[in-house]
Amino acid sequence: MEGPAFSKPLKDKINPWGPLIILGILIRAGVSVQHDSPHQVFNVTWRVTNLMTGQTANATSLLGTMTDAFPKLYFDLCDLIGDDWDETGLGCRTPGGRKRARTFDFYVCPGHTVPTGCGGPREGYCGKWGCETTGQAYWKPSSSWDLISLKRGNTPRNQGPCYDSSVVSSGIQGATPGGRCNPLVLEFTDAGKKASWDGPKVWGLRLYRSTGIDPVTRFSLTRQVLNIGPRLPIGPNPVITGQLPPSRPVQIRLPRPPQPPPPGAASIVPETAPPSQQPGTGDRLLNLVDGAYQALNLTSPDKTQECWLCLVAGPPYYEGVAVLGTYSNHTSAPANCSVASQHKLTLSEVTGQGLCVGAVPKTHQALCNTTQKTSDGSYYLAAPAGTIWACNTGLTPCLSTTVLNLTTDYCVLVELWPKVTYHSPDYVYTQFEPGARFRREPVSLTLALLLGGLTMGGIAAGVGTGTTALVATQQFQQLQAAVHNDLKEVEKSITNLEKSLTSLSEVALQNRRGLDLLFLKEGGLCAALKEECCFYADHTGLVRDSMAKLRERLNQRQKLFESGQGWFEGLFNRSPWFTTLISTIMGPLIVLLLILLFGPCILNRLVQFVKDRISVVQALVLTQQYHQLKPIEYEP
């Protein structure tokens, strides 16, 4: 019976679609690989649905990580029962039915994991005693493995007969909106916080009655995580078109006031200004170097008298400097942490000593000047402006203490600096001097070594001390903006290259499939060539994930950068000609204001002075025309 099955040649048993099926599995696996940062904040929505009626009993949304976004859910028992139940009079259609439901105990049985003998949906997964895992009954049902616990909430003593306040008069004591007098509280257990909520979980609920059949209802609990969808390309491949030379500085012209049209002329719609052109590669590189120079010139003017600033052409292009700073605690996720992201971005070089949080291993304790342990509780640690948390799971602007307490993660507070080296003029001159002279290995000073700690030690410590602090903040923010723009353009370039590679691989796969169809009788292309089959493993999914990670981190840094600006600084960023206009008219306005303030006082002083001098002159004239008589002495 089995002989003929093994008597055929081996190539006849090769499924011609096998390579394509395996290839599709490999590609799908490569694309679906996700490297979630445990500190990433998502918009999580929990939804409790009555499966008997399809209505939503509760929908709660909050911002949090995948580890600590497990709130308490409040809803009413009548949201799960409905107007009518198995028997007449047990529903929540009337106030009496709602009040009667409050007198019964209830128990809940899980439908996501049904033990043997517990039945199915018809029995509410409570086919026998012992299947219940939670509820509110005299025997106190409980479980160590179920995902939730469901108990009754606090019912006011003056609740009354569960009247609906929207139907009856307001004078009836205890009436509530909708007649909701059976509050329930759903909490997640430790097992529920560790479980996978990729799909809905189902439970059955039954009212306990001493006689008769216990009525059944079913509900589901679903978690929905909102995330930013994929970005679809439209138009030609912009990989090469983005490589633009440095643009010439454009002279800013003040806008002219609109001229009124002549009488009888047709109205002309003004043309809109063309959109601003994106900076090219040369502009971005020059902005990085210019921002580095501005920050260095402010902090160390002696070093910028004559120097060379060189942008490193090889990776790593950025480095981190550990700093000490004061983070802020938030009970809920801040706005700059709410952008959804999927993947990790790390730093290959971190120097200095700064603030560390979590369980730092011995190999990285040299980066820590101060190590703080997080206390129990669920809150978020937001990095100060200009800094970011460098964790072993990736870069993030916020930390979740729940993740730190449950894992062995650690984070260091760092500043992000471009890899710009500083050289003295002597070093550059020696590179062009003639003659074979022995040269020492130069000591490369990077921008991180020269300006490390500027955010926390220089600018942040001097905030509010005057004009110097304001100028320092502006120079540092200029460098931050240049770094942000450069990272954004690098992300776009790599994303475009990844798309080109994916398109090329799709063409190759189509050719491979066509050849397999042509050699279908021979068992496929590999069998016809009598060679080992090679399968293409596409790792562009990981590239796409990391680029999405970088894009979202850039958005977070942009929001943090904008939130750190005051109203006065943001006023100058609204329009390109606003700064020039203000600087032009500010001087005359200040002079006019000073004249209006101090002019009357000065004029009064001047008039009084003139009057005094005139009085003195008049007195001198009178004394010259008359002389004083000598007194005559009379003899007695």
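Each Cβ is built from the backbone N, Cα and C atoms, and glycine gets one as well.
Note that the structure is predicted; figures quoted are calculated from it, not measured.
Feature annotation from Swiss-Prot assigns signal peptide to 1-32.
Taken from Swiss-Prot, the feature region 'Receptor-binding domain (RBD)' covers 32-233, and the record attributes it to sequence analysis.
Summarising the annotation, Swiss-Prot assigns N-linked glycosylation site to Asn43 (among others) and lists similarity to another entry as the type of evidence. DSSP assigns Asn43 (N-linked glycosylation site) to a strand.
A strand conformation is recorded for Asn58 (N-linked glycosylation site) in the three-state DSSP classification. Annotated N-linked glycosylation site per Swiss-Prot: Asn58 (among others), in sequence order, evidence recorded as sequence analysis.
In this view, Cys126 (disulfide bond) is surrounded by 24 other Cβ atoms within 10 Å of its Cβ, with every protein chain counted. The disulfide bond annotation in Swiss-Prot covers Cys109-Cys126 (among others), and the record cites similarity to another entry as its basis.
Marked as disulfide bond by Swiss-Prot: Cys118-Cys131 (among others). Under a cutoff of 8 A between CB atoms, and with a sequence separation of 6+ in the same chain, the neighbours of Cys131 (disulfide bond) are Cys109, Val114, Pro115, Gly117, Cys118, Gly119, Tyr125. Under the DSSP three-state reduction, Cys131 (disulfide bond) is assigned to coil, being neither helix nor strand.
Among the features that Swiss-Prot reports, region 'Disordered' is placed at 254-282.
In the three-state DSSP scheme, Asn297 (N-linked glycosylation site) falls into the helix class. With a 10 A radius on its CB, Asn297 (N-linked glycosylation site) counts 15 other CB atoms from all the protein chains. Sequence annotations record features per position, and here Swiss-Prot assigns N-linked glycosylation site to Asn297 (among others) based on similarity to another entry.
In the three-state DSSP scheme, Cys307 (disulfide bond) is classed as coil. Applying an 8 A CB threshold to same-chain residues 6+ apart, the list for Cys307 (disulfide bond) reads Tyr422, His423, Ser424, Pro425. The disulfide bond annotation in Swiss-Prot covers Cys307-Cys310 (among others) and is backed by similarity to another entry.
Around the Cβ of Asn329 (N-linked glycosylation site), 11 further Cβ atoms fall within 10 Å across all displayed protein chains. In the three-state DSSP scheme, Asn329 (N-linked glycosylation site) falls into the strand class. Positions annotated as N-linked glycosylation site by Swiss-Prot, on the basis of sequence analysis: Asn329 (among others).
There are 22 other Cβ atoms within 10 Å of the Cβ belonging to Asn336 (N-linked glycosylation site). Residues annotated as N-linked glycosylation site in Swiss-Prot: Asn336 (among others).
Its Cβ placed at the centre, Cys337 (disulfide bond) has 27 other Cβ atoms within 10 Å. The disulfide bond feature in Swiss-Prot is assigned to Cys337-Cys391 (among others).
DSSP classifies Cys356 (disulfide bond) as strand under the three-state reduction. Neighbour density for Cys356 (disulfide bond): within 10 A of its CB lie 21 other CB atoms from the protein chains shown. Taken from Swiss-Prot, the feature disulfide bond covers Cys356-Cys368 (among others).
According to Swiss-Prot, the N-linked glycosylation site annotation covers Asn369 (among others), on the basis of sequence analysis. Neighbour list (Asn369 (N-linked glycosylation site), Cβ cut-off 8 Å, at least 6 residues apart, same chain): Ala322, Leu324, Gln353, Gly354, Leu355, Cys356. DSSP assigns Asn369 (N-linked glycosylation site) to a strand in the three-state reduction.
Its own atom aside, the Cβ of Cys411 (disulfide bond) has 24 Cβ atoms within 10 angstroms in the protein chains shown. Swiss-Prot lists Cys398-Cys411 (among others) with the feature disulfide bond.
Marked as N-linked glycosylation site by Swiss-Prot: Asn405 (among others). Long-range C-beta contacts of Asn405 (N-linked glycosylation site), restricted to its own chain and to partners at least six residues apart, with a cutoff below 8 Å, comprise Thr374, Asp376. DSSP classifies Asn405 (N-linked glycosylation site) as helix under the three-state reduction.
Spatially close to Cys368 (disulfide bond) yet at least six residues away along the chain are Ala322, Gln353, Gly354, Leu355, Cys356, Val360, Val412, judged by Cβ distances under 8 angstroms. Within 10 Å of the Cα of Cys411 (disulfide bond), the following disulfide-bonded residues from the list Cys126, Cys391, Cys526 place their own Cα: Cys391. Here the disulfide-bonded residues are Cys118, Cys310, Cys398, Cys526, and the one whose Cβ sees the fewest other Cβ atoms within 10 Å is Cys310. In this structure, the C-alpha atom of Asn58 (N-linked glycosylation site) lies 36 angstrom from that of Cys391 (disulfide bond). Annotation: Cys109 carries the greatest number of neighbouring Cβ atoms among the disulfide-bonded residues Cys109, Cys391 [cut-off 10 Å, Cβ to Cβ]. A distance of 15 Å separates the Cα atom of Asn43 (N-linked glycosylation site) from that of Cys398 (disulfide bond). Proximity to Cys398 (disulfide bond), defined by a C-alpha to C-alpha distance within 10 angstroms, is shown by the following recorded positions from Asn297, Cys310, Asn336: Asn336. Take the Cα of Cys126 (disulfide bond) and measure to each of the disulfide-bonded residues Cys310, Cys337, Cys391: the nearest one is Cys337.
In the predicted model, the region 'Receptor-binding domain (RBD)' (32-233) has a mean pLDDT of 82.
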